[in-house]
Amino acid sequence: MKTILVITDGIGYSDKTQYNAFYHAKKPTYDYLFKNVPYGMIDTFGLSVGLPQGQMGNSEVGHMCIGSGRVLYQDLVRISRAIEYDEIKDNPALVEVTQQSAVVHLCGLLSDGGVHSHIVHLKALAQILSTQGKRVYLHLITDGRDVLPKSALNYLADIESICEDNVSIASVSGRFYAMDRDKRWDRVQKAYESIALGKNPTNLSPKEYIQSQYDEGIFDEFLTPVSFGGFQGMNDDESFVFVNFRSDRAREIVDCLGNPQFKEFKRERYVKLHIATMTEYDATFPYPILFPKQNVQNTLAEVISSHRLKQFHTAETEKYAHVTFFLNGGREEAFIGEERVLIPSPNVKTYDLQPQMNASAVGDAVIKAVEQGYDFVVVNFANGDMVGHTGNLEAAIKAVEAVDKELGRIVESAQKHHYALFITSDHGNCEEMKDEKGNMLTNHTVGQVWCFGMIEGVSKIENGGLNNIAPSVLKAMNLPIPPEMDKPLF
């Protein structure tokens, strides 16, 4: 049976209702699904997706798990284990790059959110290199998105506990500047200039500087890039390690630091660094990688392609990599018979300004693909997550309503054209917009999501994990489930 898989990013279950955008939204399609379509509850966090116990899930991990049909131990766990077992100091890429210079620059997101980085990794590398007699400069990127919006001072105190004679903080940038992924080079340039060139110097201590930004109403995500302590910038032949393990928001800043042919903005000077990256950020990057990606065979898309069936993958810009690269097990190029359609995300500063985003155009692409008879259609609706990240409850309610409207069209189209339909989420977000004290929550939730299965002759969907989605799709399509995959939900 031809099948549609809808991933409603950031829409999850919570029994708390007061600040629950899903609960408060007018959602006739979901009301219909709850009454008429079997569903199970799906785990999206912690060990169920290869993350540490209790760690919130995220879009990268979720889509890898959905598409591979198995639990892959994620980079966060792999790196943490290498630190725990004292193996990272002998990592070939780390040794290769850091032995080139007595000076090592470490750059990464300063939080324990575990989505892009972990402060434990940054601290461990700094301590190892310091013990080896290296002069270590820290370039800290403040978070405020995967963790509380004003939590940087806590993480600063933690990292300052390891700062000593040869470990010091050289720069601080909010992730809005240093971790863009949409080619907003004016932002990236500001971060680059503080990190590489020591521009925008301040005489304040890092703690005083962050507090001064708070006093101006500027919180962690948006801290203006600065340099500290007389840091004059990097010099040729120094070593640089970027410690984030998630690729999408690391590419741009690393590209402008390391690419001699970089042309997106005019660099005052190009510093020739010895660069290593924690994971593979881009297949075209020439830098040594501490933790190269694990090769994942027999993913959902690969199995469908191997049976010479046509498949269609679509999402907005913000989640396009998730329904292509991540869903396909970390593979850049499309499989034979796989078509990809990118719908541009709206060009707004934050998505609460346009909570519907471009959902209607994404819905149009799905309807068209169904009418064209694709054997498998997968789509991601970004609204619940991207608007959930803004912390704006009213906007998040509108985001859910926009997704619900498109789901209604897809349900109708699936029924009309005799498609099986799965609707699930990679993780939650918008169902908890504030905590009990009314503090804004911008992070993903630690909880379950629904998986609805509208399949001819199927009246029960079991509870399970994201790893059970791909085998369920293959079963609905009457295709063999490869031995690497886990069991289906029906």
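The first residue you see is number 1, and the count goes up from there.
Placed from the backbone N, Cα and C atoms, the Cβ positions cover glycine too.
Residues or ranges marked as active site, phosphoserine intermediate by Swiss-Prot: S59. The Cβ neighbour count for S59 (active site, phosphoserine intermediate), using a 10 Å radius and every protein chain shown, is 28.
Among the features that Swiss-Prot reports, Mn(2+) 2 binding site is placed at D9, S59, D426, H427. Secondary structure at D9 (Mn(2+) 2 binding site), taken from DSSP and collapsed to helix, strand or coil, is coil.
Taking Cβ-Cβ distances under 8 Å and a sequence separation of 6 or more, the neighbours of S247 (substrate binding site) in its chain are T279, E280, Y281, D282. Secondary structure at S247 (substrate binding site), as computed by DSSP, is coil. Sequence annotations record features per position, and here Swiss-Prot assigns substrate binding site to H116, R145, D146, R175, R181, R246, S247, D248, R249, K319 based on sequence analysis.
Here Swiss-Prot flags D385, H389, H444 as Mn(2+) 1 binding site. Look at D385 (Mn(2+) 1 binding site): DSSP puts it in a helix.
Cβ neighbour density within 10 Å is lowest for R181 among the binding-site residues H116, R181, R249, H444.
Within 8 Å of the centroid of the Cβ atoms of D385, H389, H444, where the record puts Mn(2+) 1, the same chain has further Cβ atoms from D9, G10, N58, S59, G384, M386, G388, H427, N429, C430, T442, N443. Annotation note: R181 (substrate binding site) sits in a coil segment as assigned by DSSP. Between H116 (substrate binding site) and H389 (Mn(2+) 1 binding site), the C-alpha separation comes to 15 Å. Of the candidate binding-site residues, D9, D146, R181, R249, H427, the one lying closest to D385 (Mn(2+) 1 binding site) when CA atoms are compared is D9. Geometry remark: S59 (active site, phosphoserine intermediate) versus D426 (Mn(2+) 2 binding site), CA distance 6 Å.
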